[in-house]
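Feature annotations, courtesy of TrEMBL:
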ACT_SITE  Glu424  active site, proton acceptor
BINDING   Thr138, Gly177  FAD binding site
DOMAIN    18-132  domain 'Acyl-coenzyme A oxidase N-terminal'
DOMAIN    278-439  domain 'Acyl-CoA oxidase C-alpha1'
DOMAIN    480-656  domain 'Acyl-CoA oxidase C-terminal'
Amino acid sequence: MEALDYHAEERRKAEFNLDEMKIVWAGSRRNYELSDRVARLVASDPVFRKDNRTMLTRKDLFKDTLRKAAHAWKRIIDLRLSEEEANMLRSYVDQPAFTDLHWGMFIPAIKGQGTSEQHEKWLPMAYKMQIIGCYAQTELGHGSNVQGLETTATFDPQTDEFDLHSPTLTSSKWWPGGLGKVSTHAVVYARLITGGQDHGVHGFIVQLRGLDDHLPLPGITVGDIGMKFGSGAYNSMDNGLLRFDHVRIPRNQMLMRVSQVTREGKFVQSDVPRQLVYGTMVYVRQTIVSDASCALARAVCIATRYSAVRRQFGSQNGGPEIQVIDYKTQQSRLFPLLASAYAFRFVGEWLKWLYTDVTQRLQANDFSTLPEAHACTAGLKSMTTSVTADAIEECRKLCGGHGYLSNSGLPELFAVYIPTCTYEGDNVVLLLQVARFLMKTVSQLGSGKKPVGTTAYMGRAEHLMQCRCEVEMAQDWLKPSTILEAFEARAVRMSIACAKSLGKFSNPEDGFAELSPDLVEVAIAHCQLIVVSKFLEKLQQDIPGKGVKRQLEILCNVYALHLLHKHLGDFVATGCITPNQGALANEQLRLLYAQVRPNAIALVDAFNYTDHYLGSILGCYDGNVYQKLYQEAWKDPLNDTVVPDGYLEYLRPILKQHIRTARL
Ligand SMILES: CCCCCCCCCC/C=C\CCCC(=O)SCCNC(=O)CCNC(=O)[C@H](O)C(C)(C)COP(=O)(O)OP(=O)(O)OC[C@H]1O[C@@H](n2cnc3c(N)ncnc32)[C@H](O)[C@@H]1OP(=O)(O)O
Ligand SMILES: Cc1cc2nc3c(=O)[nH]c(=O)nc-3n(C[C@H](O)[C@H](O)[C@H](O)COP(=O)(O)OP(=O)(O)OC[C@H]3O[C@@H](n4cnc5c(N)ncnc54)[C@H](O)[C@@H]3O)c2cc1C
């Protein structure tokens, strides 16, 4: 018997080859096949069930997380999965866990900041999970300001050891994931002190718990920091606190790629830039951009499928009501998010390339592209996570009342997702880093130093400052060069205007502080330009499959023109376009939405998400929403009994009191 599919008609409307689009989304046929296989493996395994987790108490949820992590590790070993497959498996399990930090930060920190001897000693144990580690940087008093950390690591030449100490309450480590209850080790960031001199913040490998009894080692106080936002969600993670009372570690546990301390206690700064101490954050920010496209795609998939099932108003002669996806307002809210998911996917792919390139250069002692890698990872992390967090909430609203039900999957997705706007660098703080980079680039424009990479457009500032947009009709906005020039002109004009305003301050730092809200806008304009330009570059590639490239062109235009519409004030105020050209862009946008409409369901099918991973009744593949909602309601523990617990103690006396009052 053929399976029921409420979306069958929608799927028939698609004007492109879905299988080929799935490959574009996955990045390659190989990636597609790998991720499809691993996603199904997870979805079919009862241990990875997650539909009940919002009902669990914190302790039960945490134990469930340990069970899943142990089971995942067993599957990884038994099936001899590669590192890439293992990462995929953990991400499809879809439950924040200490393993994210062990594999995602502890190991990369040792790899990036450790010497080859340190790699040889620590990495084999970490790869086998004989030790489990976390990344302990943030403190109660300081997170964004890393240079303000207070934990000290004082070298004692007598014993050839460091003495780790938390001198104040605010120096307590606070937030590291996996620290609270699991990690046996941590990379701890502390101020290095030798001979009474402070050399700033460095990383140290520190054992926290006994490998036999899991008890904290002498001098170490460690625990969980408490419940976080939402039910289920990030509460599966043991974000922890940590204090040191003069804990001793051997000298060779300082990560010594960037700087060294000799046996005599001499501090040696190598020719590697000190910013490499921040290298793990650059790596993770890069992964967060790709993850943003996944989270956004997930929310959009749920909202799109549900919008095609849901009908309201407009029944004629007893016929069906209108599918809410056919309302222009629904399309104007939903389709830009769909386009953004694809845009973030492609910029994430490019950023991965950039990161790999900078890593290879660093290995060859070429540090020239480090500032750009920092600016791109910081800016794109900030921009994509802010958009995605807002988009998940918008998708909830697009699903009306049912979006607020836990089993829509959206509340939990929102709760898990929103801290990405804060962790790995607060989004505003990171945009200010981008702004600094841009202001520096502008200040060097007259010096003969040619801007390269993502700021190469600034080298054409003279033209971009005075060019005029040539759009006369709505369809003129479909020309890639017209779109690109409008975004470049807007970014460069905003940057130069800010640089000029900064120049009016006698103290540049005062100016930077005063103008910081404008500088944040400049950074956003630059990041949006990067995303638009990388989407356009993607379209230059050979993309096989009937109609696939055409759909991507439509999505790229939707992405760019919706930004132009949203930030019309910037484009018009900087004289990049006229108000009339802005109106033509909006007209073209409406036409594009009509072209997306018949393909919408297939475009979200291309994400290839299993129902398990989506975790949403509203987004399930077959669209059988109402029956599933009805069945699911009966599974709620409140429906275990017809009369609720508490009736006799609390309800009945009130109800009876009414009867008594009535009798009086
Ligand atoms: C496939 C596997 C998947 C694995 C995925 C793993 C994912 C795991 C997810 C787990 C979930 C959550 C994890 C969360 C973990 C954390 O949150 S860890 C803590 C993160 N903390 C932060 O991000 C702190 C943010 N603050 C900073 O980064 C810095 O302090 C800040 C950059 C804001 C300022 O630093 P300062 O040292 O004060 O720098 P400045 O004076 O402003 O700049 C000096 C110069 O240094 C340059 N710079 C700064 N940072 C970097 C960098 N990272 N890289 C390169 N260069 C950098 C800056 O541009 C200045 O340059 P200039 O002198 O102007 O040329
Ligand atoms: C779920 C979660 C997991 C985490 N995991 C880890 C982990 O594994 N390891 C770890 O070390 N840390 C971790 N952290 C900590 C995280 O990295 C920090 O919280 C983050 O870097 C932000 O720093 P903060 O908390 O000090 O924010 P603050 O800097 O105190 O920010 C507060 C406000 O001040 C503003 N602000 C701060 N500085 C400036 C400025 N210069 N200019 C303008 N505005 C400013 C910010 O924009 C924000 O609005 C985690 C945090 C969370 C929420």
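Don't overthink the numbers, they just go from 1 along the chain as shown.
Using N, Cα and C of the backbone, Cβ positions are placed for all residues, glycine too.
Using a 10 Å radius centred on the Cβ of Glu424 (active site, proton acceptor) and all shown protein chains, the other Cβ atoms total 24. Under DSSP, the residues of the domain 'Acyl-coenzyme A oxidase N-terminal' (18-132) split into helix, strand and coil as follows: 90 helix, 0 strand, 25 coil.
Here Gly177 (FAD binding site) comes close to Pro96, Phe98, Asp100, Leu101, Cys134, Tyr135, Met237, Asp238, Asn239, Gly240: these same-chain residues lie at least six apart in sequence, with C-beta atoms under 8 angstroms from its C-beta. Here the Cα atom of Glu424 (active site, proton acceptor) is found 10 Å from that of Thr138 (FAD binding site). Across the domain 'Acyl-CoA oxidase C-terminal' (480-656), the prediction's mean pLDDT works out to 97.
If you take the C-beta of Thr138 (FAD binding site) and look for same-chain residues 6 or more apart in sequence within under 8 angstroms, you find Lys173, Trp174, Trp175, Pro176.
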